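Per TrEMBL, the features are as follows:
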BINDING   Arg82, Gly113, Glu136, Asn187  S-adenosyl-L-methionine binding site
REGION    392-423  region 'Disordered'
Amino acid sequence: MALNKSMHPRNRYKDKPPDFAYLASKYPDFQKHVHTSLTGRVGLNFKDPEAVRALTCTLLKEDFGLSIEIPLERLIPTVPLRLNYIHWVEDLIGSIDGDETAVEGPRRGIDIGTGASCIYPLLGATMNGWFFLATEVDDICFNYAKKNVEQNGLSDLIKVVKVPQKTLLMDALKEESALVYDFCMCNPPFFANQLEAKGVNSRNSRRPPPSSVNTGGVTEIMAEGGELEFVKRIIHDSLQLKKRLRWYSCMLGKKCSLAPLKEELRKQGVPKVTHTEFCQGRTMRWALAWSFYDDVSVPSPPSKKRKMEKVRKPLSFSLLLPTVKLLQAKAPSIGCSAHGSLDVVTAWVEKTLTDLRVLHKRVPSGNAERSLFLTAVENSWIHVRQKRRDQRRQLRELPRAPPSEEVATGAGCTTPPPSSSSTQPFLFKCLTNMKLEGTGEGVKEEGDVTLQMHWVEGQNRDLMNQLCTYLKNTLLRLASNPQ
């Protein structure tokens with residue numbers, strides 16, 4: 001059973017998997033690897049390394065504007081999995097929702113063993129403007145990684161360095177003694193030997209065989225002692241470096257590695273430890289993170305009831321083109337000069353959220369959609385009309401009150417919007433997507449717009465339902481009211 005519904009909530013592929021037919025029509029290099037079944041279903045042979053490489057390169061180009069080259073004899077990364085890891089690092093360092101514990105200034109990270117694709121630095125720099133120190137021990141991977149960074153114009157954000165064999169963090173940071181990094185990432189070699197890499201004695205006999213081809217050089221997929229010993233070496237380095245990095249993290253290929261590594265961190269007295277799981281397609285991976293800082297915010301581990309939970313559809317409503325055009329005609333009144341349907345609706349949604357004092361921030365999205373990450377800290381959308389009537393009544397009664405009482409009552413004053421540094425607990429967080437419908441055949445700027453709200457976390461889902469209804473009614477009211 002596919003695990004896409006358990007992807008990170010901000011993963012762009014969670015509710016919208018790649019459209020192979022559309023990508024094949026747009027990218028000839030990808031089209032030659034696509035096949036159509038007798039039932040008309042478009043598919044890809046994931047056992048073919050050239051097909052897997054074509055998919056990775058195509059997704060990076062289409063969704064992130066990145067052009068990369070990967071040799072077939074080196075590891076070919078899957079984009080949804082790497083994106084899950086990037087989003088989890090965002091959660092760790094608090095770079096999305098204005099976490100008060102977040103560090104000001106540019107974010108700096110280390111990718112241990114960046115690989116030929118250099119995918120983590122490329123995604124982190126493109127999506128978030130992060131600075132990266134990317135290390136690599138393999139000559140071929142180093143040359144390709146450096147070339148991929150240069151041809152995407154990201155040399156000012158990503159520094160690729162060649163390091164000696166078995167170098168992890170200590171030697172790599174000798175020349176960077178003055179810097180404190182926000183995090184490190186690592187996709188360690190999962191296997192201890194060739195037999196383990198082929199699944200002998202390391203894979204449950206009841207599990208089906210892997211659905212995709214296993215590519216990668218020796219240094220990328222195998223290490224002495226496998227991933228367990230490899231990560232223990234990183235833990236050993238972290239015990240010496242300590243607060244040189246705010247967060248240390250590693251991906252794991254086996255769930256059974258989690259418990260002994262967490263026990264090792266407990267024995268060493270590491271104060272902050274957490275873990276997560278990455279779900280995509282038929283594949284699951286796990287990740288471990290730890291910190292020596294007392295002030296970092298620790299994301300909660302995934303719920304054990306994940307598999308029992310019923311998948312909930314996002315809340316949604318649509319604005320038809322005539323309604324969108326009415327909103328477009330009134331857009332200059334809020335300082336919006338955009339003409340496209342998507343940008344106009346997004347501007348009105350942002351204006352409404354600002355009026356409601358709902359924290360919101362744009363996050364990366366595709367060409368035919370806009371995405372906002374919302375954090376609601378107070379219920380400001382319930383009984384809004386009643387509040388307006390009460391406010392008008394107070395204003396009418398204001399002249400009758402003594403001058404000294406005007407200041408005391410504060411009648412007519414509005415509550416200032418909460419700052420991102422507020423310590424007030426939030427009600428809920430959600431991802432809101434505005435999508436332009438009917439864009440499968442060519443790019444256009446006008447059309448119906450669908451708004452979807454995806455629950456992330458919080459106290460009560462009914463609050464998100466109320467906000468969704470309020471947004472819908474407000475946008476329809478704004479469109480129907482005369483200028």
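Just so it is clear, glycine is given a Cβ too, placed from its N, Cα and C backbone atoms.
All annotation found in TrEMBL is predicted automatically rather than curated by experts.
Under 8 Å, Cβ to Cβ, and six or more positions away along its own chain, Asn187 (S-adenosyl-L-methionine binding site) finds Pro77, Tyr85, Gly113, Gly115, Tyr120, Met251. Cβ environment of Arg82 (S-adenosyl-L-methionine binding site): Ile119, Tyr120, Leu123 lie under 8 Å away, each six or more residues apart in the same chain. Contacts of Glu136 (S-adenosyl-L-methionine binding site) defined by a Cβ separation under 8 A and a same-chain sequence distance of 6+ are given as Gly113, Thr114, Gly115, Phe142, Ala145, Val160, Val161, Lys162, Val163, in order along the sequence. The number of other CB atoms found within 10 A of the CB of Gly113 (S-adenosyl-L-methionine binding site), across every protein chain shown, is 24.
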